[in-house]
Amino acid sequence: MYAYEALPVAEWFRRNRELAGFHNPTRALYQTIRELTENSLDATETYGILPTIYLRVNIEDEQKGWVSVYAEDNGIGIPGNEIPNVFGRVFYSSKYKIKQHRGVFGLGLKMVVLYSQSTTNKPVLVRSATLKSDKIYEYQIMIDTNSNSPIILDRREYPNRYKWHGTAVKVYLEGNWLAAKKRIEDYLKRTAIIAPYAEIVFKGPDLELWLKRRTTKLPPAPKEGLPHPKSVDVDTLKQMIQESRGLTLLEFLMENFDAVGEGTAKAFLEWAGFNPNAKVTALTPEELVKLVDKMKQYEGWRRPRSDWLSPAGAELLEIGAKAILGAEAVFAITRKPESYGGHPFIVEAAVAWGGQIPPADKPLLLRYANKIPLLYDEGADVARKVVDEFNWQNYKVKFPAPLAVIIHVCSTKIPYASAGKEAIAEVPEIEKEMKLALRDAAKKLRLYLSRKEKEMEMLNKYISLAKYVEEIAYNLSMITRIEKESLAKNLHTLIERKIGLTIEELVKHTLSMSSTSQEEVVEATPQ
């Protein structure tokens, strides 16, 4: 006979840590940096604080492959009595609300702790203080995987003399720095693109980054909302009914769902064949299933609210891409809110051109979900499909070209293609919005390139004519006895009038993409 037993949730995740991105020492180190950075960003920008984040990786034992990771932020901090559960209890989080978060399950920090203690048997060190707190709390914590509860190895309190607020975390883990280094660098730089209001300082064994704050403008913070009628399942509905005893169906719909007023609720119940005055607790199991089916089918609901979401915004995308990619020009678009299955989402796209972007046979793609850079599984992402199928020739782009594409999806529920959460699935509504966003951004690029072509034509015409100015001025000077320099200056002015732009204006707009050498332009320019 088989012996049956229940596996505690913390132990299950410890055994299946690859589901949270902790596949091996390389991915684990990258994932640790990612989890700590994203928690720091959520603890700052969501509360109107400009993020300042310090990160450090040290080699602790080269023979064992042990490294330490330290992260510190200036966020709102964690109340002292909550620190043990936040770091030591799986599925304990402040993120179980209907609004946009970087994290989804409240699992990331706990997976860092589980991986750390599984590979080094060392606790996580946490120090935190909330806004205006008189005390700083410090803990050393491990997780009891059998009871899914924190093990507090040490607890201390310090007076907060300088009114510091934020959270500092230090963990020891098995990690491959050399293999993870490039991914970590890419991740932090891509984070700086979509969050140019953050200052991120990173120090590794042989890598230092100082990603400066480029703007003080923060994106709007997402608001917490009620579920949309199309987004619930039977179990969710049953839980909501248990908390709504005594309500009629009409009252239940109005109080528990987003954008459902009395008129909308009455129209739906009449269409679905339900008595609006029936007690919601009196619904039979069959009626519950019918109610959910009808809620999904009904087309009279309003769209989900967009203030649950926090897109980066075209301005911040342009600032970030120019700063980090060194692009000559960036054109960004934020689409209007749409929904899939009752879940609101917004797609943003940006195209970056020229500058320090190297020419390639296809666009460099930078993918984001809820402001999180996605670095793995690019081939499985619907964004890669959209970019590859896009007809770039219609927008004056000829490959190889110095082109980068940024696609960001923000939603209360990102439809990931796999448990690794590194690629967005092919949801028709999201794919359509990606295509439209990319088209809108590419139209702006086409206008820009068309103008550059015309300016290049004029610059080449100027250079062709200007090559003869010195000789003509010399000959005219011999005939008229007028100074050659004065004649040359007048001839250059005549050419500029004919073209309609000064040489300084032409060079400013076109030199960076011109096939004409800088020496040619300098030679043809009046000194």
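Using N, Cα and C of the backbone, Cβ positions are placed for all residues, glycine too.
Annotated features, as they stand in Swiss-Prot:
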type	residues	note
BINDING	Asn39, Asp73, Ser94, Lys95, Gly103, Val104, Phe105, Gly106, Leu107, Gly108, Leu109, Lys110, Lys421	ATP binding site
Which three-state DSSP class does Asn39 (ATP binding site) fall into?
helix
Which residue among the binding-site residues Leu107, Leu109 has the fewest other Cβ atoms within 10 Å of its Cβ, if you could check?
Leu107
Cβ neighbours of Lys421 (ATP binding site) where a neighbour is any other Cβ within 10 Å:
20
